[in-house]
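Trainee: This is the feature table in Swiss-Prot:
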CARBOHYD  N43  N-linked glycosylation site
CARBOHYD  N52  N-linked glycosylation site
ACT_SITE  D254  active site
DOMAIN    423-583  domain 'PA14'
CARBOHYD  N508  N-linked glycosylation site
Amino acid sequence: MYRQEATTVTILAQAPPNWPAPAFDISGFTSAFRPSRRAQRSNTTMGSIDTNSTDAWHTFAIPRLGIPAMRITDGPNGARGTRYFNGVPSACLPCGTALGATFDTDLLFKLGRLLAAECKAKGAHVLLGPTINIQRGPLGGRGFESFSEDPVLSGNSAASYCAGVKDLGIVPTLKHLVCNDQEHERIAVSAMVTERALREIYLMPFQLAIKNARPGALMTSYNKVNGLHASEDPGLLNHIIRKEWGFEGLIMSDWFGTYSVASAVNAGLDLEMPGPTRFRGPALMHALTSNKVSEKTLDDRVRKVLELVQLTSRAGIPEYAPAQKLDRVEDRVLLRQAAADSIVLLKNANEVLPLDPRKKTLVIGPNADIAAYCGGGSASLLAYYTVTPRQGIAEKCEEVVFSQGCYGHKELPLLGDHLKTETGERGYTFRVYTEPATYEDRQPVDVLHMTNSCAFLMDYSHPKISGDTYYATLEGRFEPTESGVYELGLTVAGTGLLYIDGELVIDNKTKQRHGTSFFGIGTVEERGERYLEAGRQHHVFVEYSTAPTSNLKHHGVVSFGPGGVRLGGCRKLDAETAIKQAVQLAAETEQVVVCVGMNGNWESEGFDRPHMDLPPGTDNLVRAVIEAQPNAVIVVQSGTPVTMPWADQAKALVQAWYGGSEGGNGIADVLFGDVNPSAKLPLTFPRDIAHNPSYLSYRSERGRVLYSEDVYVGYRYYDKVKQAPLFHFGHGLSYTTFKLSGLNVQETDPQASDISAEVVQIYVRPPTTASVGRPVRELKGYEKTMLHPGETKEISVTVPMGVATSFWDEGRSAWLSEKGTYAIEVVGTGERNMLSAPLCVQVSRYWNGL
């Protein structure tokens, strides 16, 4: 029974910390970057142009003034360094939704420190993360990057992440401001959203992160918001972010997300990315001389760039430092913990889990023998290593049997790692030319040995290549382990031909089709088949030409340089036979794990999913296995919700996300009880896409998308209309039973590990007398605590009064904490594990700011 006097939930207002003063005075520098009148007359351009970027990842260095270059790197789940193409590997964290599922601010802080250490190893001063957009629907291509559909969970997670990054002197970047919640026509679409929804849902994560962590940088989104591109919206950048919230950091554009000269500068956009500049060279000089931009405004923009360079100099990272590997043992341990702590136990009827490592275990499914460790796009990462679910389970079990069941790939698995060069090295030879294949006696200007057969050329450069038009070949030898018909795939942003043993197998040059590859500028994967013999080395050769040689035209997408080429392939699988084999083994095996889901080809920047379904054939496999072995454990890997038409029949069901480098070990740790599952869903999982509140207004139509659900995003909608989803926000089971009393949390029924974690969620219900329609309840705070068997702990969760009670009053353009009796609900693991108490607000109060 809840006793009001025993509660330790504290509701209070908190003042933001002060922004640290600069280490040295920069006021005298700004004039050096402003074109002087004499310089204008002599047609020289000084400084304001110099404070922009030189390439995709660096700002200008100005040695005469002692101003160093600053290196910027992607991304939210790992520090890539300066190269997509043939880059240096890095540690890969679980995806954003996985981290949101942990509800663990301490873990996010530690992971932020890991990211900062990786940045230092890569010579980077600024990290482009975290991503804190809102998943208003399940189909967003970048939904996996963000933490949650809930703004408080998202903002608090971001604050802890940023604090960890800052702890080692690296500058985190909040992105993407704002409403970058879909990929369809992302540079052209206008998000039409009410001011109330903008404030309460979409800006709130940024507001909380800025208040609690003071990150040094912020990135604008590609899209428009109510008709104005975010990068040139003065109401958003100057009024809300700078004046109302007091943000002192730098505001940069997303890559090629600057669309104007004067409008962007006047709105408050400090840095155009990437370089060389399109809008801040002679065009900015012209805007200055024509009084479209004032000298003071330009000084303000320059000052912010200098302040950030100054701030990053404290980290002691040399200019243009070579990228290095880190890969420390302690980082592997932390990544494994993060992977396990992010896994949500959705169902566990009859206590099927945890599994017994002494028993023979059958592992089935398309995701069992691959590492679906990250989503696609700018969040993709070349990891130091990856662990598949099958590998993780094999480390636990005495006997493991594998059956494929079906394939789950959208594009064929990369072939590069299975090729060999002429000298027998693993991989293939990549040769670059300035002349096309028709040119006689052409010689390569560059020869590289590579293993990754997805070559995205955005940041490839060579002294002998000018412009984006050039040519390349990929050459290697493939020796199959089994004879049979193999399917090959060639995807290009450009044009390409694939030859096997001298014969043309794929023509992706003369007749091309639009696809979603390479951020939406590439083709579909064109496929061809060929019978290949085991033990024989087959010659594989790709003739590739860069993007300008293609006649395909694209609308509403970002063009990242010269394009790319992707080569995939695998043995063709008879779907019916593969399922039958898996089912037969399942019927004969007591302990069965089915690993299904998506990967970075299905969920990626550059496009949205057309539906919520799992890859073709997956549902048939799962149904058949459950029928043969009802105790089969179903493990789903996806960054956002998927349909599970067999969920009611499954006894044990686990949501495992994209778990980063240690994803396979994390899955095994939870399945076998070495880690007690404690994660909670950061997203609502609907039964069907039609049940989602954004269903009728998600994609761009005639250049706009209407946020018709208003503030009723995610669980706020399902609560309001009293519709039960498949799995609700905040759901997550444990192998242990917990009990709340007051805010004393007790572990009463330990079944697995000696230590268990419980997440306590704090929701607030508005007064019945509220003057506007409000969500039934909203998450306002949470706490994760560790417990030994039988232990009782008292938890204190502090929630600012404004965050707890306020809504945005559009009539007053202010927050309103309205008088009335609110209800605080404290929710633990289990449907009935809940406490409640009233909270009385005696006087209505308007407020602005943080």
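Using N, Cα and C of the backbone, Cβ positions are placed for all residues, glycine too.
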Trainee: Count the other Cβ atoms sitting within 10 Å of the Cβ of N508 (N-linked glycosylation site), across every protein chain shown.
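Mentor: Excluding its own Cβ, the number within 10 Å is 28.
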Trainee: Can you tell me how far the Cα of D254 (active site) sits from the Cα of N508 (N-linked glycosylation site), in Å?
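Mentor: Given the Cα positions, D254 (active site) is 31 Å from N508 (N-linked glycosylation site).
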Trainee: How many neighbouring Cβ atoms, not counting its own, are there within 10 Å of the Cβ of the residue listed as 'active site'?
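Mentor: For the residue listed as 'active site', the count of other Cβ atoms within 10 Å is 24.
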Trainee: Under DSSP, is N508 (N-linked glycosylation site) part of a helix or a strand, or is it coil?
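Mentor: DSSP call for N508 (N-linked glycosylation site): strand.
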